[in-house]
Amino acid sequence: MASASTSKCNSYALENESIKMVSQDGLSQDLSESVPQLPGEILITDKEVIYICPFNGPIKGRVYITNYRLYLRSLETDSALILDVPLGVISRIEKMGGATSRGENSYGLDITCKDLRNLRFALKQEGHSRRDMFEILTRYAFPLAHSLPLFAFLNEEKFNVDGWTIYNPVEEYRRQGLPNHHWRITFINKCYELCDTYPAVLVVPYRTSDDDLRRVATFRSRNRISVLSWIHPENKMVIMRCSQPLVGMSGKRNKDDEKYLDVIRETNRQISKLTIYDARPSVNAVANKATGGGYESDDAYHNAELSFLDIHNIHVMRESLKKVKDIVYPNIEESHWLSSLESTHWLEHIKLVLTGAIQVADKVSSGKSSVLVHCSDGWDRTAQLTSLAMLMLDSFYRSIEGFEILVQKEWISFGHKFASFPTAFEFNECFLITILDHLYSCRFGTFLFNCESARERQKLTERTVSVWSLINSNKDKFKNPFYTKEINRVLYPVASMRHLELWVNYYIRWNPRIKQQQPNPVEQRYMELLALRDDYIKRLEELHLANSAKLSDPPASPSSPSQVMPHMQTHF
C-alpha cells in the first residue's frame, strides 16, 4: 500500500509476531530446546549477545550460528523475541566500534540483509568474542569465498514431491501446440556450444537451419539469438526474446540476422511488420554502440518496427530499491510517507515494466503483430517483460504449477511482480513471498548459478532439493480460495501511478508497528465452507458405498425406504 497506519502498540509480543511470520515453511520448532535444524544442518557456535532491536531497544539473547542460519532467542523473561535468518540472506557484515569504544552497546557487529533488514548485535570487548563471531559468520554466509559448499548441497530434506520434474521444456512447448508447420524444436544448444547462457532446448522458425542459427549468433550479444517464448493458441502471433545486435559505432550489419527476423515475421502471413520492443531508454541503447552493442535500425530491418520502453538498467533499479529500504526500515516517517516513496522512484520503475508488458501482450492478443523483446544481454528486463506478458495472456501460468513453469522457463532456463486480481491466480501472497525468500536462502538449488549449463555441470537436480518440492508437497497453504479457472482470458492490469501500491506485506513486514494484513474474513469464511463441502461429499460417498454394499446382498425381507438411499447431489 502507498500508506499505512502506525499502530500505537509497542510491545515485544508484536515484534515476536512479526518475526515469526518469516517462517514460511512450517519448520517444527521447540523453542524450549536449542535452534531448530534441517536435515544436514549443524550447529557451529552459540554466543550470548545484546540484540539492538530497532523497535524495542536492547534485548539480551543467545545467538546460534549453524551452517544454514543465524538464530536468536531472547533470554529476557518479558520478551519472546526470535530471529531466524538464513545466512544466504546476508549481504554484508561489518564491525561497529573499536577497542576504545566506551558507549553502551557500541561494540559489536552490523549485518545488512538482502530482505531489507539490518541486524545489530553488541558484544563484550574482552575474549575476542566479536572476532570469533565475525569470522564464523563471514565464513558460512559467504561459503564459496572460503572453499565451502553452499548449504543447498548439504540439505538432506525429503519431500513427497520431486520439484525438479515440474518443468520439461518439450512438454511445455507441446502444451503450446509446438512444433508445427512454422516452428521447430532444435537441440543445437544441447551441449551449450551455441550459447552457454541459453537452455538446451530452443524453438526457432522451421525454415531456419542450424547453420543459419550459428551465423546469426555471431551478431547477437553473448550469442543470445531470437528464440520463441510463447505462441498465441488462435492467431499464432509469437513472443520472441534475444539480446541486442552487435551494431557498434560503425553501424555494422548482418544479412543473416536481418533475414532471420524476416523469417520470424513470415511465420505469420497476417502481419507486415515485426514489432521489436527494446526495454532500454533510447539514449542507453545509443550509448551501448560505444561498447559494440546497439539496436535494430530502420534502414537495416525494413520489415520491423522498433519501440523503446525506457526501463532503466539493474544499477538504477538497485539504487532505487536501496532508497525503498531507507524509508521502510527500521522507521517509517508517516508525515512524509508519500513524498518519501515518490523520491525512491520505485513505483515509477514498476509502472514502466508493467506498461511495457501490457504493450507486448496487447500486440500479440490483438493479432496486430508478433513481438521480439530484448534489452542489452536479454536476461533481466527481457525476462520481466516476457514473463509478465505471458502471465497476462495465458491463464495456465496463473495456476501454481504454471507459475512454477514460467519461473523455470523464462528466468532460470534462459539465465538469470504483480497487480492483484482476486480470482485470476491460483496462488496467494504467501506463495510469492516464499519464492522471494528462498531466492536468497541457499536452502534449495533452484536459484543457484546464472544459467542452465552451470547448473548441469554442478548436477543440481541430483545434489540439491528444489523449492518446488517444498511448495508442491503442501499446495493448500499456497492456494487462493477464490481462484476461478478460465481459459484464454487476457488480463490487462491498470499501469497507472494512482493504482500502484507498495507491497506492504513484503517490504514492511519486519516493522511490528505496521499492522500486518490479517487473512480476509471473507476468505476465511470461504475456506470454512470449502472444508464443510469436502466433509459433506466424503460423508455422502461413504453412505453411497454402504448402500451399494447393502443392495448387493440378498434382501432378508422386503426393503423399506430407510434401506435404500436415492442418488443425492450437492450444490456446493
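In case you wondered, yes, glycine gets a Cβ from its N, Cα and C as well.
Please treat TrEMBL annotations as automatic predictions, because they have not gone through curation.
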Q | Segment assigned the feature region 'Disordered' in TrEMBL (from 98-122, 323-347, 548-572) | A | 548-572
Q) When you measure from the Cβ of ASP377 (substrate binding site), which residues in the chain that are at least 6 apart have a Cβ under 8 Å away? A) SER221, ARG222, ARG224, SER243, GLN244
Q) Taking the Cβ of ASN313 (substrate binding site) as reference, which residues of that chain separated by at least 6 in sequence fall under 8 Å from it? A) ARG280, ASN284, CYS375, SER376, ASP380, ARG381
Q) Tally of helix, strand and coil residues over the domain 'Tyrosine specific protein phosphatases' (344-406) according to DSSP? A) 45 helix, 4 strand, 14 coil
Q: Express the predicted model's confidence over the domain 'Tyrosine specific protein phosphatases' (344-406) as a mean pLDDT, rounded to an integer.
A: 96
Q | recorded positions (CYS375, TRP379), the one with most neighbouring Cβ atoms at 10 Å | A | CYS375
